[in-house]
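The feature domain 'DUF4131' is assigned by TrEMBL to 8-94. The feature domain 'ComEC/Rec2-related protein' is assigned by TrEMBL to 133-280. According to TrEMBL, the transmembrane segment annotation covers 157-181, 187-207, 254-274.
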Amino acid sequence: MRKFNDLEKEVALVGTIAKEPDIREKTIKLTIEPEEIKGKFLVTTNRYPEYQYGDKLKITGKLKTPPTFEDFNYKDYLFKEGIYSVVNFPKIELIEKNQGNFIYAKILNLKNKLRESIYQNLSPPQSSILGAMILGDKRKISEDLKQKLNIAGVRHITAISGMHIMILSGVLMYLGIALGLYRSQAFYFAITLLSLFIIMVGAPASAQRAGIMGGLFLLGQKLGRLSSSSRVIVMAATVMLAANPLLLKSDVGFQLSFLAVMGIIYLMPVFRNWISSPPPKNVKKFVYYLYNFRYYFFSIILLKNPAFQNIAAMTLSA
């Protein structure tokens, strides 16, 4: 794929939209998997006409190497996703529709119905926050709300992350048991629904990573040993880094998700014991004051740690 980058002439490639289109206010980004060429490329084009997952397109334009910005290495970010070229506003010809995976297409249809239900029945900012947390629609959150979440240090809670996957994993496991399933049956029930959820939100790298950790956490619950969860999660991080070392350099989310999951495993029992001991209100006030202290006076490294932020948010909502 990279051999076609930065040529003076236009290149014509035929490929299929490989994932859900990324819709912006005036533009749309399409991840194209070309025929007979290894790798993918990213197309930026006008918002209309609309294109869907599975559309087979003929793209004619000049492929470019992804740029590197002063404060963000966009090239490395795309490379770790298997995207090696970008093309802006090319000529696009629709060849055929519905060429993608049938099951994935049905899951995206379900996602669109859920999205319509959320935005029709809830008003902003509740709809945008819920959409971001369960559908991965981060771009629906207004800039003003993003700024407030940044000041509070909890913006990462609105993204599909290790914390969400771990909570969902536990809920699904206990739901299966509550429905009368054996622990081993509940494990397969939970892992199946968890996999479908990750596919529904677009299977970004962060969700895939969290899904692996969540699946291993469920395996530890299936075995009935929490200590097994911590060991296999460390093993999962090691395996993921061995398979793709760029995660450590180019994906800060890898570090944040790993810390969040380990924080829940090791710190949540401690906080649960504190909260269950009298006086629980004083503990909550302490966490609240300590967390806001860094906003009014100065930043504390501990409070910037995602593990502490997740525990603080969960403690205050308890």
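Backbone N, Cα and C atoms are what each Cβ position is placed from, and that goes for glycine too.
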With helix taken as DSSP H, G or I, strand as E or B and everything else coil, how many residues of the domain 'DUF4131' (8-94) land in each class?
6 helix, 41 strand, 40 coil
Mean pLDDT for the domain 'ComEC/Rec2-related protein' (133-280), as a whole number?
76
